[in-house]
Structures are given as C-alpha cells and as structure tokens.
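**Q** Encoded as structure tokens, here's the structure I'll be asking about.
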Amino acid sequence: MRVKVLSRNPDDYVRETKLDLQRVPRNYDPALHPFEVAREYTRALNATKLERVFAKPFLSSLDGHRDGVNCMAKHPKSLSTVLSGACDGEVKIWNLTRRQCIRTIQAHEGFVRGMCARFCGTSFFTVGDDKTVKQWKMESPEYGEEEEPIHTILGKTVYTGIDHHWKEPVFATCGHQVDIWDEQRTSPKCSLTWGFDSISCVKFNPIETYLLGSCASDRNIVLYDMRKSTPLKKVILNMRTNTLCWNPMEAFIFTAANEDYNLYTFDMRFLESPVMVHMDHVSAVLDVDYSPTGKEFVSASFDKSIRIFPVDKGHSREVYHTKRMQHVITVKWTSDNKYILCGSDEMNIRLWKANASEKLGVLAPREKAAMNYNQKLKEKFQFHPQIRRIAQHRHLPKSIYCQIKEQRIMREARRRKEQNRRKHSKPGSVPFVPERKKHIVAVVK
C-alpha cells in the first residue's frame, strides 16, 4: 500500500520574526483560480482611478523675472542648477532644490535670444539683441569683484540662437547664417548658409557631435556637417519650424516644432516623410525638448499648455496647464528624467512632475512592488473601454476644448470634400496622400 504524506520545509512558510508577513504556499494552476481575471480587472480599474486621483503634476513656480522668460539652459553636471534668460536682458541662475534664485546678471540690452552651458559646466554663453556673444563664469564672483563676462564677441548682426559642442571648445550661433566659433577666437572658424532668410535655432547632435540642425524662417530645416564647408541637405515644410531637438539616444532622429500646430519626428537619412506626426496642440508649437531616455519629449505651445508625447505615438499622453500660465515660450526636461521646467510670458518658471501621479521621496520595497504590480495590471487591461476612458480623460481649459472641437469639424469637412472629389472624378485623378507626406513640400540635397 502506498501512502502519500505531506512534506513541507518549515523555511518555506514559517515567519522569521512576528513582524514578517505570513507566507502562504500557493498553487498557480489557472484551473484552480477561475475568477482571477475578474479580480485582476477590478484591481486594474481601481489602480487607474487612483492614478487619476493622485495626478497632481504642478510642484512650484520660480518667480523673480521682471519680463517674459525667453530661453532656458540646463547645467551639464548639476541636476539642481538651471539658467534662464528674460526679454529684458536679465539672466538668472536657479537652485531647484531650494527653489530660489542664487544669482542675477544684467547680460544684454534687449532680449536674451539664446543661452547654453559649456560641456564642462564651468561657464555659459548668452546671445542677445545687442549683437553680442558673451561668456560668463558659472560661479558667482568673489566679494568685491564686479559681475563681468569672461569674453565678449561683437557681431555684425543680431544672433537669434546659440548651442555648444558636446565635447570640444566650439560653439555655433545663428542669425542670418550659421557661424561655427572657436572659444579662443573672436571671428568664426566657418560660416554656413543656404538661402537668405534668418535662422531661428541651431542645435548640435549629442551623439554624432559634428552634425548640426537649424530652422530658418523660409520654412526650411537645414542639416550641416561641421567637417564640411557646405550644408548637407534641407527639407521644406508647409509652414515655418520654430525649433528642433535631437533625440539623445538615437543619433539620426530629431523632432521639429512647427507653426501649423504639429510636431514632426524625422529620421535625417530619410527626410521625404516624417517618421511620426504628433497632433494635439491648437496653436503654434514654440519649443520642444527630449527626455534623457529618448522615449518621450515635451512641447511648449502658444495655446498656454505643455504636452508630453511618446516618440512613437501621434497623440500626447499628458497635458499640463494652469489658469495663470500664458503663452509658453521655452521648456526643458531635467537630466534625471523626473521633472519638467517651462518658462512663459507672465515672467514665471514652473516646475512639473514628468509623471503626474508619481510619488516623490523614498519608496519602501513593498510600495515599489505594489506600484510595479499595478503598472503591469494597467498595461494588461489598457484597451478595455472603461479603463481606457478613465486613463485618457484630461480636464482642458474651455478655450483649448472648443478649439479642439472646431479643428475636428474642419478636418472632417476636408476629408468629406476629398471623398466627394474622388467619387466624382476620373479614377486615379485624385490620389490618396498619406498624412505624413501632406506637410512636406520638398527635400533638397
């Protein structure tokens, strides 16, 4: 006769101390748990609701500027240091940990058009309406010393933007042309031009550091190679591009912020059509900045809101706004991937959480485990109608809500008109144009 005996190792279920959780032996056979999916769905629904309840992204505002904030720059070595330039020529250096201004410089007469920090973090550069490029020390002057720039370069025209090389003592400025400067010289190493309009922005590629991208007011996005004396190629869009930002993880990918309310993500090797068109804003997009992971980017718009887009999605996952926030001119995603800074017309810099419902501070191991479990449940049931509806709902200001409705009606009318033309025309005379190719005029090499 065979007798089955239960044999258990006490280490598997006996608590070490009375404060430990009681261990329970479990059998994961699905036949023994017929209601598991229903239970998990309920948990996913509750997790989604709680996420929206705790979604409070706004943290604080840094006020101190006496005019609209026109540009910002991140410190390459310090997470808690941010620089901002205003329309009255004033530059402020902020400590984000204490949320206060630690230094103020009257840098230019008129607007501060652009600023960037040196790759080593010891100094930073500013350009303004007074046709000068100035280099400043990052450290405050000693007691008794005057606040003066290290170097000043007098230019012939107004400079509208500046960016520093990621590894070498070289920086680029833009105005009526793109100039490449050596820090030790007062005249540019080389000047690159293609066309005759003013250039609003120039950016170095963080991976292939000799590549540059620029946006001009004649609707061009022009790409340059610092090792050549001529530009590489350009793409012409339907409307003007305000600025662009390179993906810090994928060398050839960049996103452009356009006047036609959209953002376009391009692969610089295939400029004939964008990789993705991001449509959600209801006014001109003024600035864009990537997260350090390269998976998302944040955009600032004239419609008084900022939006967070996944790189591979056409619509935003998050929209941030406040009653007092006016046209958002500049935006930055901090290097630790946790916060977003935006500067707007009404003289304020606002600090937001990158993940609206994220709990700040130290998490206990059980809290982390619970958060990861809830996240997996939300991903598992994300396409269920009820959960999807709750997860996607965002409160919008009335002006934006009405404009979205109006644009939806206009898009539907255009689609209907095109269908009618195709229906009453000779077959093949009205071709289907995909959304990605509608906005590209030409690519010139």
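Counting begins at 1 with the first residue displayed.
Cβ from N, Cα, C; glycine included.
Computed from a predicted structure; not experimentally measured.
I grabbed these lines from TrEMBL:
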type: REPEAT; residues: 62-104; note: repeat 'WD'
type: REPEAT; residues: 278-319; note: repeat 'WD'
type: REPEAT; residues: 321-362; note: repeat 'WD'
type: DOMAIN; residues: 354-440; note: domain 'Sof1-like protein'
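Quick one: how deep are these features, and who are their neighbours?
**A** Nonlocal intrachain contacts for the repeat 'WD' (62-104), taken as residues 6+ away from its ends with a CB within less than 8 angstroms of a stretch CB, comprise 110-121, 124, 126, 128-130, 136, 138, 140, 329-332, 334-336, 339, 341, 343-351.
Tertiary proximity for the repeat 'WD' (278-319) is limited to same-chain residues at least six positions away from its ends with a CB under 8 Å from its CB atoms, namely 57, 242-250, 253, 255-265, 325-333, 335-337, 340, 342, 344, 352, 354, 356, 394, 396-397, 399-400, 403-404, 407.
Helix, strand and coil residue tallies for the repeat 'WD' (321-362), in that order: 0 helix, 18 strand, 24 coil [DSSP].
Mean predicted confidence for the domain 'Sof1-like protein' (354-440): the pLDDT average there is 93.
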**Q** Do you know the DSSP helix, strand and coil residue counts for the repeat 'WD' (62-104)?
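**A** Tallied per class, the repeat 'WD' (62-104) gives 0 helix, 25 strand, 18 coil.
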**Q** Residue list, the repeat 'WD' (321-362) vs rest of chain: Cβ under 8 Å, 6 or more residues beyond ends.
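**A** Distant Cβ neighbours of the repeat 'WD' (321-362) are 50-52, 54-63, 65-74, 79, 82, 84, 86, 94, 96, 99, 286-293, 296-306, 308, 371, 396-397, 400.
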